Amino acid sequence: VQQLKSRVFLPPCGTKYIQSQVFPSLPADGNPKESSPFINSSMASDMEKSQQYDGKNMALFEDEMDTSPMVASLLSSLANYSNLPTGSKEHEEAENNEEGPRPSKKPIKAPQLGTLMGVYLPCIQNIFGVILFLRMTWMVGIGGVLGSFIIVFMCCSTTMLTAISMSAIATNGVVPAGGSYYMISRSLGPEFGGAVGICFYLGTTFAGAMYILGCIEILLIYIVPQAAIFKMEGLEGPEAEAALLNNMRVYGSLVLGLMALVVFVGVKYVNKLALLFLACVIFSILAVYAGVIKTAIDPPVFPVCILGNRTLLTKAYDVCAKTVELDNDTVPSQLWRTFCDSDALNATCDEYFSNNNVTEIQGIPGVTSGILAENLFGYYLEKGVILEKRGLASVADEEGPSPTSNRYVMSDITSFFTLLVGIYFPSVTGIMAGSNRSGDLRDAQKSIPIGTIAAISTTSIVYMSSVILFGACIEGVVLRDKFGEGVNGNLVIGTLAWPSPWVIVIGSFFSTCGAGLQSLTGAPRLLQAISRDGIIPFLRVFGHGKANGEPTWALLLTAGICEIGIIIASLDAVAPILSMFFLMCYMFVNLACALQTLLRTPNWRPRFKFYHWALSFLGMTLCLSLMFICSWHYAIIAMGIATCIYKYIEFCGAEKEWGDGIRGISLSAARFALMRLEEGPPHTKNWRPQILVLVSVDAEQNVEQPRILSLTNQLKAGKGLTIVGTNVVGTFLNNYADAQRADQSLRRLMETERVKGFSQVVISSNLRDGTSHLVQVGGLGGLKHNTILVSWPQNWKHPDSHLRLKDFVEVVRETTIASLALLVPKNIASYPSNGERFTEGHIDVWWIVHDGGMLMLLPFLLRQHKVWRKCKMRIFTVAQMDDNSIQMKKDLITFLYHLRIDAAVEVVEMHDSDVSAYTYEKTLVMEQRTLILKQMHLTKNEKEREIQSITDVSRGSIRRKNPTSLRVPQIGEEGASVAERPEEENSAPTGHMSHNTPGGGTASPDCEVQRTWTDKGGAKDQSQASAGKPEAGKDLFNMKPNQFNLRRMHTALRLNEVILKKSKEAKLVLLNMPGPPKNRMGDENYMEFLEVLTEGLNRVLLVRGGGREVITIYS
């Protein structure tokens, strides 16, 4: 290997270079877009290659070295793989580099962070937050120890299950920067990834707003209440609440601007302060535990004054008594003056004040006091209700409590269980911090599971123990006092801390500031990662930033969205919003793990083995349940936002192929559905045309008649199966590139015409075989085509179109044998495009023979499309001499009524008539031309001149002779139409049939020779007669037409006259298509009959059924 390395150039280990060099992508022409890992290998001569690999035992593979690197080069590149995240570290280095000249490119240092510093502590810092310090005690007081424990257990279980799923995904290969967004998008595809990535971004942004609001709440209520711009002194009820919220908005906006400026100037300051913020959190929690231990030994003195059983505001009294003894004199206290109208002892006082005594209780009785039993169950309150202590007797007011709120501690919000869940859940988020730093870890696949699960376990133990310890140490009325108004305005959790409440106040203030900065640092980078992926087009502008990559535009958007949360101003209102977005993100992490596990994707090989799909589904269910438990309307809004983003990406986002699980689901579902379809043919009620569209391409591989795909779209209305197939003449080895170009051309045209389906290109030695292969192998299993759509061959009479003529008739034969329906649009260029609209007109159906109902179904399908929607449907049927036309019309109307098809009905009577001279001569000209082209080996120009001379002579003959009408003799089943008996009349051998000429004599042997629509025996007689009669070509103008051809021509002309009379102005005419001749010598005659049948009609759709019923009267 060392010898090989000395002779072979190894590329640098930069990520993009390695990916492009080691894994070159191959375009359609098979040439690599990027050069191989070796110097000038794409331009090296054969001599250089032989010298390059001489002595390396690689001569056998030297031709493949351009596209396939040697194993030594590949392993060296992959072993040195490094992908540091585009995060704080790079931006800090870039900023430092801006100060001086750019240094030369240094080798990338290997990541050095271990489990503790890289995953465990960042997760701890992100999970512990503002809710623990500001709302945890209140939640225990309102929900009770049991209710709060259930909430904490549910939320912690959700994050633990999510961490297990995330560990499995994170250890299934290298996870670059992007964290949860990267994992979800690469596991569930760009649509889910973009939707959930935006939700995670919004959650992180609103988390920043929540932390800022918590920071301002600590500042204005517990640290410097005097700093309030809108004074709350003397205000009561809604006015005091409005003043508090306005203060939060003003100060919140200022702090947000300051934090955004810090992040903009440089994230290195945020990183340097991160350790300080983490230390504040840890010391604050340790102070709480120390305070709990101290309460067992020496409980702190935090008295709470109770009037009856109502908690009094600290500012409402100086001493907790109605009167005080001063110099042997009873003096009213401040409390007396609050409730009475004067200082006199005989003053008129509040009735409740007069009837109840004042008692002073300890706010923190201690862990050994037995208060836990009292706080075990919930105590939910309505807004404006006075906080009351359980177990104390009191005499209630007859008129109810006084409306004034400056005396008692009152609840500021209506509380219920689901509200507590929504407020609490943000305190367990932050579990993605480790996976977001995967690029900085020494061994990410080991550190992420251990660090994340250990952090969740630690925080869960802290939260659960806090619930129990708070309930066991603190009086219930103090727990329910959200802002500490009954304990002299102290932070409730601070009253429990040791050595001083200020440890918690200062620690929580700095921790909320740090968490807000972290959110404002992380959210713009997440948005930048989504923008740079290009899956959401309108967000691409946010992928740009400063020269060092700092996401400036994303930071501005983040600050704007964060300001929305600041304007809401209530911590209790913002918390459920970000709970929704985080829960949705965690739900899809669990879904991704479950899908990958159940689908057993070959690439799903996570190093973390302690996962199971059932755990992931349980986590997903918990997330979904918690979303609706927290707030059902917020849940619906969040899911609506995610759905809109999903559909937007699906509609106009960039197409990405990330090997995601949704594609695996599609494959599994498709396989299951195909296996089900194999169980039997579809019921008539479920039948719909599954169309194979046969198109031709020109020399540049472009579709020659694109309007046929417009008709396909109008027939399908986006439903069912559509396969667009074409044939490239040549060999697979030589013409593969042409086939790829033809396939791309088909796909572009299908996209333009909005045809939802598949393209298929086959390469064959000739046109006929290629078309036959498409008819045979199109589709898969039970999902096969049942209808062929092929356009009428234009200029089929021209000698150059002889192959297309033969191919067309053979397609008709193959569809008949395979029991496939056939649709042949004539004059396809005149059909409407998808953008046109018919405001009036008719779709006429000429129902001559029953074909399973195709003629009835097709107009109904066409009228579902906006092009044909305003056209009315008319059905014509043909009555013979012995038919009762009146009864036929009644029966047809009844039949259409049962089919639920609205159409006008008309029965056309066709009587037997004489064969006109025009019919006679037209048949004769047709047979003469056929004989000339078959028997005379002329050049192309000679054939054209001969055909023209025959036509001119025949027309002159008609003018000269002008014979009288000739009666068609009765032969066999005379009078049957072309459509009724297309093939059966050819079964009798030529030699056993006598043919009468129009003059009454027996047909000559010449007439026998000219019979081309016969069976094989007839063809044999013809060839023998031609061989024995070399002068047959000289007698062309003395021929008599074949009687079978004459009858068919007569029928075609008569039907054409009737159709022109009735449907000349119709927008579309649908007509039964006669079957093909059994003898291939009659193909030209068959085409001539169809040409005569449809002559003079603008748009004709010839329809041939597949031999089964496709429409039913039953429901």
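From the backbone N, Cα and C atoms, a Cβ is placed for every residue, glycine too.
Quick caveat, the model's predicted, so the values are computed rather than measured.
Straight from TrEMBL, the features:
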type	residues	note
COMPBIAS	33-45	compositional bias 'Polar residues'
COMPBIAS	88-102	compositional bias 'Basic and acidic residues'
COMPBIAS	987-997	compositional bias 'Polar residues'
DOMAIN	119-292	domain 'Amino acid permease/ SLC12A'
DOMAIN	409-692	domain 'Amino acid permease/ SLC12A'
TRANSMEM	113-134	transmembrane segment
TRANSMEM	146-169	transmembrane segment
TRANSMEM	181-202	transmembrane segment
TRANSMEM	209-230	transmembrane segment
TRANSMEM	250-267	transmembrane segment
TRANSMEM	274-293	transmembrane segment
TRANSMEM	413-433	transmembrane segment
TRANSMEM	453-479	transmembrane segment
TRANSMEM	499-517	transmembrane segment
TRANSMEM	553-571	transmembrane segment
TRANSMEM	577-598	transmembrane segment
TRANSMEM	610-635	transmembrane segment
Check the transmembrane segment (146-169) against each of 181-202, 209-230, 274-293, 499-517, 553-571 and return whichever range has the most CB pairs under 8 Å.
181-202
So if I exclude everything within five residues of the ends of the transmembrane segment (113-134), which remaining residues of that chain have a CB under 8 angstroms from its CBs? That is, six or more out.
210-211, 214-215, 217-218, 274, 277-278, 281-282, 284-285, 423-424, 426-431, 433-434, 437, 440-442, 446-448, 450-452, 454-456, 458-459, 462-463, 466, 491, 493, 504, 507-508, 511-512, 514-515, 518, 571, 575
Given a Cβ distance threshold of under 8 angstroms, which distant residues of the chain, six or more beyond its ends, lie next to the transmembrane segment (209-230)?
129-130, 133-134, 242-244, 246-248, 250-252, 255-256, 259, 426, 483-484, 489-491, 494, 505, 508-509, 512-513, 515-516, 519, 562-566, 568-571, 574-575, 578
On the 0 to 100 scale, where does the mean pLDDT of the domain 'Amino acid permease/ SLC12A' (119-292) fall?
87
